[in-house]
Amino acid sequence: MARILAVALLCSVYMSQVRSQEAILHLSDGTSDKEYCVAYNSLWTNLSESLGGANEYVLVNLMSSVLCNSSGLSPGTLNGKAVVVMRGECEFIQKAIIAQELGAAAVLIASKKPVVIPSANQSDYLKVKILLVLMRYEDILDAQEIFPGGMTVRLYAPAVPLFDLSILVMLAIAVFTVAMGGYWSGASEREKLSTTLAAGGGGGGGRADSGDLAVYSPVKVIVFVAFMCVMLVLMYFFYKWLVYVIIAVFCLASAVALHSCLDTLLEKIGCGHGSFSCQGRAFSVRSLLLAAVCITVAVLWGVYRNEDRWVWILQDLLGIAFCINFMKTITVSNYKICVILLGLLLLYDVFFVFITPFLTPNGESIMVQVALGSDSTGEKLPVVMRVPRFSVSTLNPCGMQFSILGYGDLIVPGLLVSYCHRFDVWTNSPRKIYYISCTIAYLMGMIVTFAVMILSRMGQPALLYLVPFTLLTSAAVACRRREMRSFWSGTRTGYEVLDSSREPLLQG
């Protein structure tokens, strides 16, 4: 199960750079007005940042038509006006071009399906000079009831502050998750090695990996990344079915991970087990209560996953537990494997984000389309940390807006941080120099990622910064300490010469 969810979640590496583009539709009949949320593409449609700067257009109702051809309409019919038509039967670009030929200044597409950002091939953007947005079908019906005598429209996209406090919260979540996952991995390795030494076993030649699944073969890494590519392509073509599989697996895996994290935490603070017997089998009261709590949290998230106001807290809690448990459970055996894994995932990220638009019919990025989700289901992959943007007004008709970060941006560099802590254990490093240095490098990489995002006003593929920061920093530490050969191959050089009577590994 861990392997399946790993593929699905690491397919979300690019998720942190995808953001929705929402605008406000202001409708009025001259005496009253009302606003609705619409979706637009900033590459296609330039909107004013304020209501006062937005042009006003009379709205023409053509909802009886999908406007895939101009039959029944003569040129100039829509001169200087906005028109609302139904979604379907042809591409957005075709509707926009026909409306433009009829003289329209804006086209509103009413959708009975979940609203998505309108997209087209890059070369098609230059053909359309009018405004184009998507809105909910229910909203235009509501507007017709409020303004039965007709209405005018204005479209604007309020400026979003470059910096929002949610970025700091997201940074704290990311660093905490990676640091705790790496720490737990090293602590588990220390415990396992000390148990081996106490039993009189030699440590030098045997494997003492703390995880349930150790990755030590370059061939397995290549096969794993290839499988991820296949999985992503399948998600692109069969999203509306596979998304529910991922949601179900996430609920199960995150509940197990949360139970593992909480059980370990209670064990460390000395909370007793308490047990009882039933039909000759012993059961831990603590484990059963934790299981009930964790299953309840996962089920609540599953039921209310599309409720924005509060369910993001549960998603982040489950996500933190999942990522921490993943970094403890899945281990890489040496730095060579880390380089191969992180390097291939970086290439995978670049290919499916920047190269696939040249290969798909509509110029779509496969990674972006999977991240945004299918317009037929309205479901999103549960593979991101979400924090509401504090600077966005709660009165905004578009509702809450979020800063997001994909789990892949935590797990991928987190595997390297975990390896660094285990290597500290293997070399009996009292200051945990590799672990601390790599964690700081991850922090700096995240800061650079957010800084570039703020300055460029565009989401960023975080791995472009995190992979070089963490790999180069850990390599520099190994070279400075003249341990590169051992670090590269994962050689255990510290504990094998220690006898069980000294047990220095137990001292932190």
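The backbone N, Cα and C atoms fix where each Cβ goes, glycine too.
So that you can see what the record holds, here are the features copied from TrEMBL:
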type     : residues : note
DOMAIN   : 64-119   : domain 'PA'
SIGNAL   : 1-20     : signal peptide
TRANSMEM : 162-184  : transmembrane segment
TRANSMEM : 221-239  : transmembrane segment
TRANSMEM : 245-266  : transmembrane segment
TRANSMEM : 287-304  : transmembrane segment
TRANSMEM : 339-359  : transmembrane segment
TRANSMEM : 400-421  : transmembrane segment
TRANSMEM : 433-456  : transmembrane segment
TRANSMEM : 462-479  : transmembrane segment
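Stretch with the most C-beta contacts under 8 angstroms to the transmembrane segment (400-421), considering only 162-184, 221-239, 287-304, 339-359: 162-184. Residue counts for the domain 'PA' (64-119) under DSSP, helix first, then strand, then coil, are 10 helix, 11 strand, 35 coil. Counted over residue pairs separated by six or more positions, the transmembrane segment (245-266) shares fewer than 3 Cβ pairs under 8 angstroms with the transmembrane segment (221-239), which leaves the two as not touching. Counting same-chain residues at least six beyond the ends of the transmembrane segment (462-479), those with a Cβ under 8 angstroms from any Cβ of the stretch are 13, 16-17, 335, 338-339, 342-343, 345-346, 349-350, 405-406, 408-409, 412-413, 416-417, 420, 433-434, 437-438, 440-442, 444-446, 448-449, 452, 487-488.
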